[in-house]
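The structure under discussion appears below in the form of structure tokens.
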């Protein structure tokens, strides 16, 4: 829940701290850095210690990390967004074009003075450190929880139980995304600022939601969830053997304080003496090593896509962050939950072998991959912004040059190109500011401000503009197609995820499961979880058409992207990565096929031996009967 919420709030964090997407990727990857610090030790030592209590400690640490993430909101001042002109003054008429230059200079000087007083420019470091701590706390949950279930469940039931755990890991993100959608609709300083004084709409690139509120909710939930784990036993009797007195006695003994003290007193040297042999055994396991490679490549694609999916939907289809988060939660997560459930249920009901499970996982992924290419054709045109995606004459052209923001119609205004305060003209074209639209005067205050006598708009017949960007055209239909496509892809991929995961579990020896699953998570985080958001964010930054400006000077968060280039990079890089991942997938299938043939051959030989032994026994019976008959005749004589 906390992970999904944090992921949904990355855009809000980017805007609040005025940082680029690449730095947001570093913050997102810091969670995996926290995992990296402790996961090898937790995974190996966890099976020898009290696993439920270690999970409880992890929940408490996660709660503390969430609290630290929210702390900057209470240390920073009120959110001040870019504003080329104070439109909330009592004066009903303001000379926009004439007042712009002096007004902007005054705002810049005031911001510089505040910048010297406040130390808020590096407050994002609190979020970074808090996310690292949250990653440390999350570490015990997956490897120890899965191994705990696997150790005490029947072999045929464990896929179903682990599937139920995966369902829980989908319900949590669903709640997190719903909370995120709600918080994104609330202004960041909710409760401290009059909503009427806020001139921004939810679609404005400067809008920042109450990102800190949901983090505090996640912190509280993490603390509460830790409580029941403290009362779970260290071990349980094997499922189906609960009535065995011997096992019950053994299970009860493990709960005694004296027994626990004996385990705790085990030295690190004694515990760690098998570390190298385990590592060597896994290194010589071809199925396991290839599965690690597949995971790293495919997760590199998925993590980058999931991290920036809300931003992609905002930029591509012109919807608010709150709506994007809500759609992801409603369309994707429930269907993923269904796919996990039916995949695990199928494994349990039909008792599918490892070889067949690998085929199910592979072909379901291939089918989803081919369907996924349809997303390239679900196109929505760039928003019409003069000087960025269109010329002032109304011709479509993409420009990364600030000099193109000037035209003959606004040169007399001496406008600044640093401020992002867009207005929508009656001609359906947006302008970076009222000044760059050539507007002479404004009437009204706050959200009701109307700009008139706009020289850049008058060429199209009208000369008025209102605050905010113009609505995108014909994006609603494409958005629905994209959501339906994501629903179908999630269902197919998640259906094969559980059989694929069981290939990993069953490739490990019982004593290697905790360590193997933990090492798998470690590789996933080091080579995919950490770098993927960073280079995805850096790629997205290259598509930025207009950067915001910090109050202290310098580039801030991006205000507008080239949605066409964004789409090509966002969808193209994952498709290339996934194509490469299918090479080791084929190798795994070939290895399992060979192992399966060996097992079938051994079974046939065993059956042949049993039949041969059975026929020998049948021949011995008449011989014994004849011997008994002769013996009886001798006795009679």
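Glycine residues also receive a Cβ, built from the backbone N, Cα and C atoms like all the rest.
Among the features that TrEMBL reports, domain 'Major facilitator superfamily (MFS) profile' is placed at 1-596.
Confidence for the domain 'Kazal-like' (403-458), expressed as mean pLDDT, is 85. Residues or ranges marked as domain 'Kazal-like' by TrEMBL: 403-458.
The region 'Disordered' feature in TrEMBL is assigned to 605-637.
The transmembrane segment annotation in TrEMBL covers 21-42 (among others).
Residues or ranges marked as transmembrane segment in TrEMBL: 54-75 (among others).
Taken from TrEMBL, the feature transmembrane segment applies to 160-188 (among others).
For 208-232 (among others), the entry in TrEMBL reads transmembrane segment.
According to TrEMBL, the transmembrane segment annotation covers 287-309 (among others).
According to TrEMBL, the feature transmembrane segment maps to 324-345 (among others).
Below 8 angstroms of C-beta separation, residues 343, 346-347, 478, 481-482, 485, 488-489, 492-493, 495-497, 499-503, 506, 564, 567-568, 571, 575, 578-579, 582, 585, 588-589, 592 of the same chain, each at least six residues beyond the ends of the transmembrane segment (357-379), sit close to that stretch. Annotation source TrEMBL lists transmembrane segment at 357-379 (among others).
What TrEMBL lists as transmembrane segment is 481-504 (among others).
Sequence-distant contacts of the transmembrane segment (569-592) (same chain, at least 6 residues past either end, Cβ-Cβ under 8 Å): 286-287, 290-291, 293-294, 297-298, 300-302, 304-305, 308, 312, 354-355, 358-359, 362, 365-366, 369, 372-373, 375-376, 503, 536, 539-540, 542-543. Per TrEMBL, transmembrane segment is recorded for 569-592 (among others).
Counting C-beta pairs under 8 angstroms (sequence separation of 6 or more), the transmembrane segment (54-75) fails to reach the transmembrane segment (324-345), with fewer than 3 such pairs. The DSSP breakdown of the domain 'Kazal-like' (403-458) into helical (H, G, I), extended (E, B) and coil residues amounts to 13 helix, 11 strand, 32 coil.
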